[in-house]
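One structure is given below, encoded as structure tokens.
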Amino acid sequence: MSEPKNPTPAADTYKGWVFKWTNYIKGYQRRWFVLSNGLLSYYRTQAEMGHTCRGTINLATATITVDDACNFVISNGGAQTYHLKASCEVERQRWITALELAKAKAARLQAESDDSGDDFPSSSLPVAPGQGGGSQNSEVQAALRTLGSKVEDLSTCNDLISKHGSALQRSLSELDNLRLPGEAGDKFRQVTERATLFRITSNAMINACRDFLALAQAHNKRWQKALLAEREQRVRLEEALEQLAKQHNHLERAFRGAAQANAAPDNKGATGPGKGEASDEDDDNEFFDAVEEAPEFITVPADPQFHKRSSSSASGFNTEMCSDDQSLNDEPLAMNQELPSQDLVPLKKRRTRIPDKPNYSLNLWSIMKNCIGKDLSKIPMPVNFNEPISMLQRLSEDLEYHELLDKAAKCHSSLEQMCYVAAFCVSAYSTTVYRTGKPFNPLLGETFELDRRRESGYRSLCEQVSHHPPAAAHHVISERGWTLRQEITVASKFRGKYLSIMPLGTIHAVFAKSNNHYTWKKVTTTVHNIIVGKLWIDQSGEIDVVNHTTGDRCHLKFAPYSYFSRDIARKVTGVVMDKDGKAHYVLSGTWDEKMEFSRVMQSSRGGENGTEGKQKTVYQTLKARELWKRNPLPDGAESMYFFTALALTLNEPEEGVAPTDSRRRPDQRLMEDGRWDEANSEKQRLEEKQRSARREREREAASQRASSQSEEAVDEDSFGDPSLKSVPHDNYKSRWFDRCEDQITGEQIHIYNGGYWEAKELGSWEGCPDIF
């Protein structure tokens with residue numbers, strides 16, 4: 001074993017080569033051990049120290065035992081045990097001494113951390129603002145802790161010296177009683193080794209004493225200056241408090257005099273104006289109180305535009321700060337005020353329960369092992385993996401918190417409106433936190449309507465417009481001044497341990513009053529522990545919500561879950577900026593609970609560099625204000641697929657819906673009723689019927705292509721005409737949506753062509769395909 005880097009056992013770091021037992025084949029192997037900060041780590045070579053640690057054991061809870069002259073064992077109770085061997089007894093004792101010192105120090109630090117620093121509370125010394133007292137207090141506490149640590153080192157070394165001294169005395173006594181020359185030689189060597197150990201320990205104690213004295217001398221003058229500064233600050237604080245008390249007394253007398261002077265004219269009949277003046281005065285008082293409360297800072301990276309909260313309460317929005325924020329007040333929405341006559345008709349009572357989910361066993365691996373690396377939309381899956389709603393109904397669940405768009409429609413400021421649109425974007429994921437079941441893949445031509453005009457003022461229609469790749473078009477129109485449309489194509493990949501679901505497509509929200517047009521995309525959903533363990537869902541990625549009318553932008557970041565992260569789980573952060581890049585609001589929260597927003601009062605760039613060397617921006621904000629909060633789940637939701645109150649009503653049978661509506665899908669209905677075996681059989685029948693219809697369309701398309709080629713055969717150039725190659729293999733055309741190019745994004749999308757709700761009123765469903 002090579003000589004350790006720091007041969008003094010009292011040093012904070014100890015390194016060296018030690019032989020470690022690996023297994024019965026290889027036996028003891030040479031490893032590089034590092035003892036630092038109460039942790040013993042080992043590596044195969046010194047070069048591995050920068051990247052690969054082979055094992056670490058915490059000495060605070062470990063036991064150290066000696067087997068023989070060179071062997072010793074370190075164990076933390078059974079989970080980790082290191083059988084080690086030094087080259088000689090002297091080297092072993094060096095490590096034992098260093099380990100005992102490190103163990104004592106680690107146990108002491110652990111006890112101090114559990115005690116929460118009660119011995120030296122930061123509030124025990126009065127500190128005047130701007131005097132730097134906090135840094136002085138921290139220096140004093142750090143110095144006292146260091147000195148205390150050195151005192152403990154001295155105590156430990158003293159115990160070791162006593163132990164080794166006693167052993168040396170016993171060896172000398174045994175030497176006096178010896179008579180045989182051979183035995184005398186062995187004892188002489190033993191005495192020599194123990195004398196060497198005694199010398200090492202003595203040197204360690206001497207070094208510890210030297211360090212203690214050096215620290216005491218270095219900090220003596222600093223402590224004297226710090227104590228003198230604390231006395232001066234206390235005197236200044238007492239004088240300032242006395243002055244403030246006099247000013248407060250003077251202002252209180254002046255206020256009472258002014259109130260008495262204004263009371264006489266107010267009591268002569270001018271009741272209305274008097275109240276108005278009083279409320280204005282209250283508003284002014286609230287304004288100045290808000291400014292005097294020191295706003296906290298939020299640090300966010302400058303590029304890309306997203307922010308990082310320094311704490312859960314680090315930002316805020318003050319509701320009384322300015323009159324521009326009146327539209328953000330928690331005013332109750334006027335429900336259906338445009339349709340007063342509908343109040344005479346009672347609303348339909350929606351169901352609040354569905355049959356409980358049955359407990360059926362299934363060999364998961366026998367099915368999933370053939371799905372690795374494939375698109376799950378092309379693999380037949382039993383209903384055991386599903387929940388009794390379709391993807392169209394799941395898409396309609398985005399309207400769970402439609403009231404956010406109702407509030408956004410009433411905003412006068414586009415930046416305030418952006419806050420609500422961003423909150424609506426985040427709220428769509430709150431329904432997925434416990435939903436590990438897979439929705440039914442819609443059949444081509446399948447539709448789903450959600451008519452909540454009387455309850456909530458909106459109507460929603462979804463249609464499956466493509467099967468490979470699966471794509472659903474969604475259109476919502478609200479009587480409260482907004483329209484929502486989207487076309488989502490879902491790409492999914494099974495990776496063995498987890499399933500990635502990547503929604504593709506753009507969501508559009510248009511507000512009639514302001515003509516503001518917003519677009520955004522969805523983030524990636526990941527389902528973990530597919531094979532082993534409890535399923536759980538995470539959302540990760542970034543979203544840009546863009547107002548194409550004004551140029552405003554909100555950048556949202558969904559932080560992926562990390563076991564080592566100190567941030568709260570499912571965290572979402574964002575910054576609302578105008579077209580010039582100036583920040584106006586900061587958003588923060590979680591996608592499964594709530595979102596808060598705060599008004600930015602001042603921003604500055606030039607903070608500490610981030611993890612990637614990017615410059616941070618510091619935002620000075622007002623008090624945080626709740627923007628959105630998740631509704632609680634219904635009672636017994638765990639036995640009903642964790643459905644929300646809205647989700648429980650989506651598959652409720654309704655009269656008058658289209659024959660292609662998801663509520664009429666038989667396999668989905670059978671699953672909801674708990675008849676899963678029948679649902680699996682019905683699911684296979686529907687999928688085979690869909691495949692047959694597709695083959696028929698392909699034959700028709702091929703026939704049309706052949707006839708087109710024969711008609712153009714007289715022209716010798718016709719065979720080179722690229723237009724002939726563009727004849728589709730499948731001539732399917734969706735019923736309620738037309739394919740066109742989006743003028744905003746340039747994507748090929750499906751736009752609602754109208755006529756559905758009129759057909760429902762007439763009960764005329766001509767042109768609807770027979771898919772069930």
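Here the Cβ of each residue, glycine as well, is placed from N, Cα and C on the backbone.
Bear in mind that TrEMBL entries carry predicted annotations, made automatically and left uncurated.
Feature annotations, courtesy of TrEMBL:
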- 11-104: domain 'PH' (DOMAIN)
- 112-139: region 'Disordered' (REGION)
- 220-254: coiled coil (COILED)
- 258-283: region 'Disordered' (REGION)
- 304-324: region 'Disordered' (REGION)
- 311-324: compositional bias 'Polar residues' (COMPBIAS)
- 653-726: region 'Disordered' (REGION)
- 661-702: compositional bias 'Basic and acidic residues' (COMPBIAS)
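The helix, strand and coil residue counts that DSSP assigns across the domain 'PH' (11-104) are 24 helix, 44 strand, 26 coil.
Within its own chain, the compositional bias 'Basic and acidic residues' (661-702) is flanked in space by residues 354-358, 360, 380, 382-384, 386, 388-390, 392-393, 440, 442-444, 446-449, 467, 651-654, 727-732, 769, 771-772, which lie at least six positions past its ends and keep a Cβ under 8 Å from the stretch. Residues in the compositional bias 'Basic and acidic residues' (661-702) partition by DSSP class (helix H, G, I; strand E, B; coil) as 37 helix, 1 strand, 4 coil.
Here the domain 'PH' (11-104) has a mean pLDDT of 84 out of 100.
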